[in-house]
Amino acid sequence: MIFLLVCVLRLSTNLAFLGPPSIPKLQRLVTEASNDGPFYPYSQGRHPSIISKSFPSIISTSTTTSLSSTPTSSDKTTSSSLKPHLNSTLKSLVIVESPSKASTIQKILSSIFPTTGSGSWTVQSCNGHVLDLPKSSSSIPKKYRNETWSRLGINVDKSYEPIYVIPDSKTTLVSSLLSHCSKSDIIYLATDSDREGEAISSHLKFLIREKGLRMECVRVTFNEITGKAVGEGFERGREVDMDLVRAQETRRIVDRLTGFTVSPVLWKKIAPGLSAGRVQSVGLGRIVERERERMEFKSVEWYDYQANFTLGGEVFRGDLIEVDSKKISKSADFTDAGTLKLGSSSSLHIQEATLPPLTASLSSHPTGTITSLTSKTSSLSPPNPFITSSLQITSNRRLGLTSTQTMRSAQKLYESGYITYMRTDSFRMSEEGTKATSEIIEKIYGQENVKTVDVKKSKSKKDTPKNAQEAHEAIRPSILESGTFASPSSLTSSLSKVDLALYTLIYSRTLASMMIDKVVKSTTCLIDVGERNPFRFKVTGSQVVNKGWAVVDNSGSNTSSILPSELEKDEIVALTSFEPNQHKTQPPPRFNEATFVKELERLGVGRPSTYASVLETLRTRAYVTSGKEDEFNNDIGEARGTMISAQRAAGSPSLGGGRGSLIPSLTAFVVSDLLKNWMSEYVDSEFTRDMEERLDSIAKGEGEKNIYLKEYFEGERGLKELVKKMDEECKADDARRANLPLLAEPVEAVAGGNVSLFVGPWGPYVVRSNGEGERETAPLPGGMITDLENLTPSALHSIVDGRNNNGTILGKTPEGDNVRLCLGRFGSYLQVGEKGENGTRTQTLPKQYGGMGGSQLMNVVDSGNSENKPLNELVGLTFERAMGYLNLPRTICEYEEKKVETNIGRYGPYIKFNNSFVSLPVEHDLLEVGEEIAIGLVIDGIINKSAKLGRGVLLDFGKVEGGTLTVREGRFGVYLNWKKVNAKLPKEYADEPTSISQEVAWAAIQEKAAGGTGKKAAGKKKVVKGNAGKEASNSSNLPSPPKRPPSAYLLFCGENRAEVSKTTKKLGDVSKELARLWKESEGKRERWEEQAADAKKKYEADKNEWAKECEKLEPGGLKKVNKKKVEAKATRTPSAYMIFCSEIRSRVMEMENVDGEKLR
């Protein structure tokens, strides 16, 4: 019976797919074949998708009848029955993950496996996962929306069966892929050779079988996209590895359960847009923990001496290490609390007070004696070839790339056939890779530099990351047909700047890993000064004997510091000079991307392939920020969706580059504390590491998925119970409180009341209560958000006072108005006059005083119950400097008979010259910058158009007939621009646009202007716009109407557009930023509103005068024009939709109880 059903289905399928396949047809087939497995088709809006509650059981071996006839999951070896399919007469379809990979493989297959007759190779890309868990409630099937577990997309009541759907964005693509499948004789699933790739292949096979197609589906993998590797991969065809699929699915379910149960509680208790994750929350906890260590750190001052010695005319330097046999205390001898460690308690702590007697004693000894002279030679082994984590770490340190950028670039290099697979945790290198590397080293550096020991055997287990799978070899360049690697110099025209830099890094490291050791000879000399209570100095020198692998990988120092050759034991040397050096113990350094990845790897948390996405999430959710930008890294991305809510809660800290430190925001502290207090196991590194090990056991077929998931989610201390308890028992105020070390216990200040810091949906804010139920609140200024180490109780009291008491009075203007320092939502500013009075004005301050978008200088030491300091003392602003800012703009000088002025705007200080602007560098004070520096900035930044040349201008011919003639590069290519006229670049200059002459460019502009299309040409009659419309100028001799007045918003935009344009290249981004600034200026718009009102009054008066003048020249003329306009509008051709509506409207109106969905 089943056999007959399958035959019918196959016949109907062949008939159905004479045209393009559709998802509804596929659903019908699934419905008819539902006896073969628990498939549940459903219709979602216009694009129905497929859903399977227990997808793995369908494509793995089962005792029940299945649509697929796959062998057991343990059958992972090469199947001899698959090789005969590699023949030239078959129509072969290969499915990969990305278009670029498809293009590369298409060329390779056509060359190594030529076809004959009707045979062909077709390579298509699926663009990642074709089946996934529902991303939102709207994509959950209607039949499940009332289930308690529906929002998870996982049936936790029935063995944690996942709901898989075809994403809305993939429905057309899936239809296209299935159409190609129906026309093929054999299908090769060539997705990446990791867990994700295996899962994608299994999903593709599932859809193919679900469609009723019975052709062979072969899983092929290869580590590099070269002819040899791809050919061998296709010859080793195998079945889908279901152990890997189950492991991937288990991780996906665990991540979904964690994110979709914890995150909603964070939204409810703290702010929308926040997120939690299995690896993300552990990593965030480590970043916050490190910042707490820094805040609690007590710095200690200590001194040592550095002396210069002379022997035979050569000078060498030594450091004091002992006095009277007592070791000098150094940073390593102190605890974070500022006390000496137990083992260092007998050492000598030199302080400023003990310097005079030590200095006097040293001064009395002009010579010293060499008491020890030792030398040794050491070998430094070459570094391992790159794995995923070490590639991310090194590219961050050397190139400044974020982990996301590194993996994106590596993906492109892999798919284009330049490097091996980039997701690996194995240092192993294949025999072919080892041979190619050795041959290159021998050719360039000589046979003597090739390491003779097998690299695979020489690497100790301690180098291998925890939980390493070692399924792939290390990352290296791909092997060309010639048997060697492509040199970086040969790829300069093929790769982008970033891709070439990363390839060069991989190429150099691969060669270095197979080269001989670096040999260094080091010499240590001990010199005693004084016979009684001697001062012992240590002098060290080193000499690179053989650079070895360091010739190609300059990760270490290759310089030598050689000591005088005459040095011998008991030799007398002259003490020529010495000086004490002050030192301070430093807190633990913050993590940067490189050290953070290394820390996660050390803890055994997550996989190297997930680190990039974890870091990206921490940034986009505003958990961390870093301000340093790099050559390859100046665009982290635009916030969207829930990211905006998360960044608003954190106070919208700016996202910085990849090389800077990861500075946790207040939101990070709040979220990390909440998770640690209520579900500590799930943010513990050991718990997460054990989880990785159990997931790996599932991948090996040694663990049972459902048992683990039930324990994880429903155990005695399972995720479900902990989240429920946190949701029910944790109060919002407790969840939102920022428990910084300096604010751990509320401090009673003289100003009165307890002060606390919180994070809410609209950002961080300060609350002060007086114990009688009265509360005062103030938002934490944006600039102070990243200065957490200095947010003391006194500082918070001053913020509340500055916000609620109308600021601090600094003095009076010559006119007698008060000058106040006030705190607003985005920082501190000056106010002249009283709030609400006419004539009151405000002045923005530079960021060092709490200005917008910058860090603060609130370096205060809280003294417990001391009196709160005024706000101006906290930020370091004097009345004299305040008056200087109030008197801006400041004229510096004149250049070419035009003023050069300084002023400050939304984005900081700038210089203005001839209505053009250039930013003032941060190292210059806008109240003190002099004529020489200002003119230099004007010449470089304005006159020479250096700022403008960076924004699409390739060639500037200067002024031509009143306008600047330029060659520009835009979104759609290179073009010519003059005023508002844009012209195409002549074809003969397409390869070298800057070689065009001014005469040719000007002729093209004139031709475009004379053509009457596009932008208006100079001198062309202006089209009249206004009340009379276009017809007033073409069909009447009436005068032009007055120009409509600008609104207050347009006046605001006109005043701020130039400044905003300096920060972004895109016109749309400029408009968005202006709209945002306008919204923020609410309550401060009086000036523009008054100007707009005056302009409107003038417009109304001019309009009346114009109407009277028109009536005198042509009585009734305006009415005729307006009538023509109405007639013109009435004769417009209706659209197809309007015609449809006019025909069906009467029938729809007669319908009763029409369902809204059906009507639409």
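Even glycines carry a Cβ here, placed using N, Cα and C.
Keep in mind it's a predicted model, so treat the numbers as computed, not measured.
Among the ranges 118-149, 790-821, 822-853, 1078-1109, the one that TrEMBL lists as coiled coil is 1078-1109. Assigned with DSSP, the residues of the domain 'HMG box' (1042-1107) fall into helix, strand and coil as follows: 50 helix, 0 strand, 16 coil.
Listed as Cβ neighbours of the compositional bias 'Low complexity' (367-381) (distance under 8 Å, sequence separation of 6 or more from its ends, same chain) are residues 309, 458, 517-529, 536-537, 545, 548, 550, 556, 567-575. Residue counts for the region 'Disordered' (358-389) under DSSP, split into helix (H, G, I), strand (E, B) and coil, are 8 helix, 15 strand, 9 coil. Secondary structure counts, DSSP: the domain 'Toprim' (91-225) has 54 helix, 27 strand, 54 coil.
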